[in-house]
């Protein structure tokens, strides 16, 4: 088939090489988690780390090392889930919009979460209420976006209305956020700004966050062949029997859920959902059967390493992790653009 031949000739790694790369990425992900647990204001040696890990498993975490490991492991795991969710959402949005420069925030879903979270921070609400209303705000914006752009989901090659509506909603949410920052009390501003930039200091990853990431990943991985056809040519995908309308709706809903979950947990962390899938595509090719899992793992360990830098580079002070991802992401993205122009 023409589609299959075009995929096979696009420089994709073989199945054996794909498996090898996924194993390497999995090892890097585990290594990043262990590294994050050992580095801090109080370092942990390999022996202390293994002993503390044994204490946690046995349920007798009385030593300082076990306490530090528990705190750092929880934060590192949150970073991995948030980073993996953002990278996977970026892949899905790029496939949905057929634009390799799209990211999870392009449709304004994160803006709804920002309005919800900052409204609760402005009212000095509890952390649970902040998370609940942030997630609800993201879902409200996603619903409005879907209702205003339903026609694009039924047209095989349509996404202009969806993209334009998302940008307009994002501007509207940005205006509300600016208003909240303007009228907020001075003692609330620091927390609000840290949340907007993206911060993992108080990040909470629930069972629901992990479940959303895993369920969405399994779905898109099983639908990866259809996503490949959609990314190549939407009309051709229809001709080959793909239900493009249903697939586009699923990509939109899944991407919105992942974005809402990640932003609710850690705020607006920039560039993870943009540079990670774009870099994975440039390195390993456009086959979504490999692109989805590689982006999830790469996004996870990238954010774990960025968070480790954010809390150690200026210790005892901590930077918002969004600052670190932006400082890394801008030159990396410019290099990717330069490299793609030369190619």
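These residue numbers are counts, starting from 1, taken along the chain as shown.
Just so it is clear, glycine is given a Cβ too, placed from its N, Cα and C backbone atoms.
Note that the structure is a prediction, hence the values are computed from the model and not measured.
Feature annotations, reproduced from TrEMBL:
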type: TRANSMEM; residues: 21-46; note: transmembrane segment
type: TRANSMEM; residues: 76-97; note: transmembrane segment
type: TRANSMEM; residues: 104-123; note: transmembrane segment
type: TRANSMEM; residues: 129-149; note: transmembrane segment
type: TRANSMEM; residues: 161-185; note: transmembrane segment
type: TRANSMEM; residues: 205-222; note: transmembrane segment
type: TRANSMEM; residues: 229-246; note: transmembrane segment
type: TRANSMEM; residues: 252-276; note: transmembrane segment
type: TRANSMEM; residues: 288-306; note: transmembrane segment
type: TRANSMEM; residues: 318-338; note: transmembrane segment
Intrachain residues whose Cβ lies under 8 Å of the transmembrane segment (205-222), provided they are six or more past its termini: 77-78, 81-82, 84-85, 88, 91-92, 250-251, 254, 257-258, 261-262, 264-265, 288-289, 292-293, 296
Among 21-46, 76-97, 161-185, stretch most in contact with the transmembrane segment (104-123) (C-beta, under 8 angstroms): 161-185
Among the ranges 129-149, 229-246, 252-276, 288-306, the one whose Cβ pairs under 8 Å to the transmembrane segment (21-46) are most numerous: 288-306
Highest-contact recorded stretch vs the transmembrane segment (76-97), from 129-149, 161-185, 229-246, 252-276, CB pairs under 8 Å: 252-276
Cβ-Cβ under 8 Å with the transmembrane segment (252-276): same-chain residues at least 6 beyond its ends: 78-79, 81-83, 85-90, 92-93, 96, 101-105, 107, 109-110, 112-114, 117, 131, 134-135, 138-139, 142, 146, 153, 162, 194-200, 203-205, 208-209, 212-213, 216, 219-220, 295, 298-299, 302-303, 320-322, 325-326, 328-330, 332-333, 336
